[in-house]
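To keep things clear, I will list the structure first and then write my remarks on it.
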Amino acid sequence: MDTVTSLLDSIADVGRDPGRGGYTRPVYSAAERDLRAWFTEQAGRRGLAVETDRNGILWAWWGEPQRGALVTGSHLDSVPGGGAFDGPLGVASALVAVDLLKARGVQPNRSLAVTVFPEEEGSRFGVACLGSRLLTGAIDADRARNLKDDDGNSLADVARINGLDPQHLGRDEDALGRIGDFVELHVEQGRGLGEDGPAVAVGSSILGHGRWKLSICGQGNHAGTTLMEDRRDPMVAAAQVVLAVKQVAAQTKDARATVGRLQPVPGGTNVIASRVDLWLDVRHPQDEVTAQLVEAIHGKAQKIAAFEGCQATLAEESFSGTVHFDAALQRQVQNALPGAPVLPTGAGHDAGVLAGFVPSAMVFVKNPTGISHSPEEHVEDADADAGAGALADVLEALL
Ligand code: GLV
Ligand code: MN
Ligand code: MN
Ligand code: MN
């Protein structure tokens, strides 16, 4: 029988990024398509019938597709230079859990589907959990169709190339109705289980989080001929904004704010940029505090930009309020995993988007490094096995 580790080993070469380290598997890239093909093959080997819905979500069915099914799964796309576990651990564990349930002779009272959601990380089109947002209608379909990747390709075009009808992207009542309960297993992404803690935990909540694009416009010019006092350099403003982001967040308990991506335009060594785009990721347990943090950062950015002869504008790209998972389902998951600690997470997940529409729950597997969105993310083989076993226990209790 496959183990989670043997399954992950079988995709260990897909989407490796020697430059950044780790994996770069953007949605609908060659690497992510290879992973989808791998999933389809693995599901087929288990006798699960795979279908792709109109938003590009893969569903592998044990039993007939039906309303109110039990659904588990995660994603196969990654951040740039990500680890091996964020996403694939949940998918591989779901496949192994199906094997375990069959080996246990479990006779399900309802169908079970294993799902793979596209663009969970939002690394290509900027909006995290895009697949689950489309499925639920949490994002406007027109807006989604017009999202662009860094090469200017729209989601509509990329969807079409990948066999989807762009006009059919968006809320899918039939597919959504098939989710009676959703359970996502995921690598723990902080120090929630420490180095010596138990292998698995039950999720309680997801920190509210969002993304904003801040554009600082100045005057593009020549690095050699433009005197320092004549410059309107948005990069100089951007540097101060990054410091202000840290300062604002550091002054607010439980706040996290990050500038992980910054793009000077046009981006030449001997060119004073005409514009710098930077992306803000802001998170806090109270949604009104998140809004205040963003407002404070925006205010500081405008002042900094004005001082440098530039202009700053801010646009929201996505926001998800703090989510508390369904109490009844969480209790059932806890009952199936006696003694497992209950943990909140600061990371976003499709389970968080789905929680607004259907009962959803999460199981976390220990990450001894406490590091994620990095090649250093790690799960020990024994903990991965324990995770799949725990997921099987949860699914068996719910089937
Ligand atoms: C996704 O992993 C996120 O939390 O940003
Ligand atoms: Mn992630
Ligand atoms: Mn993830
Ligand atoms: Mn995530």
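In case you wondered, yes, glycine gets a Cβ from its N, Cα and C as well.
Some features that TrEMBL has for this protein:
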type: BINDING; residues: H75, D86, H186; note: Zn(2+) 1 binding site
type: BINDING; residues: D86, E121, H373; note: Zn(2+) 2 binding site
type: BINDING; residues: R211, N270, R283; note: allantoate binding site
I need the least crowded one of these binding-site residues (H186, R211, H373), counting other C-beta atoms within 10 angstroms of each C-beta.
H373
Residues with Cβ closer than 8 Å to the Cβ of H75 (Zn(2+) 1 binding site), same chain and 6+ apart in sequence?
G87, G90, V91, V116, F117, P118, E119, E120, E121, G131, D350
Please state how far apart, in Å and to a whole number, the two most distant Cα atoms are among R211, N270, R283, the recorded allantoate-binding residues.
36
May I have the list of same-chain residues other than H75, D86, H186 whose Cβ is within 8 Å of the Cβ centroid of the recorded Zn(2+) 1 site, in sequence order?
S74, F85, G87, P88, L89, G90, E120, E184, V187, H349
Number of other Cβ atoms within 10 Å of the Cβ of N270 (allantoate binding site) across all protein chains:
7
Checking proximity to ligand 3 here: which binding-site residues out of D86, R211, N270, R283 have their Cβ closer than 6 Å to it?
D86
For D86 (Zn(2+) 1 binding site), what is the tally of other C-beta atoms lying within 10 angstroms of its C-beta?
27
Scan H75, H186, N270 for binding-site residues whose C-beta lands under 6 Å from an atom of ligand 2 and note them, or write none.
none
Check R283 (allantoate binding site) against DSSP and tell me helix, strand or coil, would you?
strand
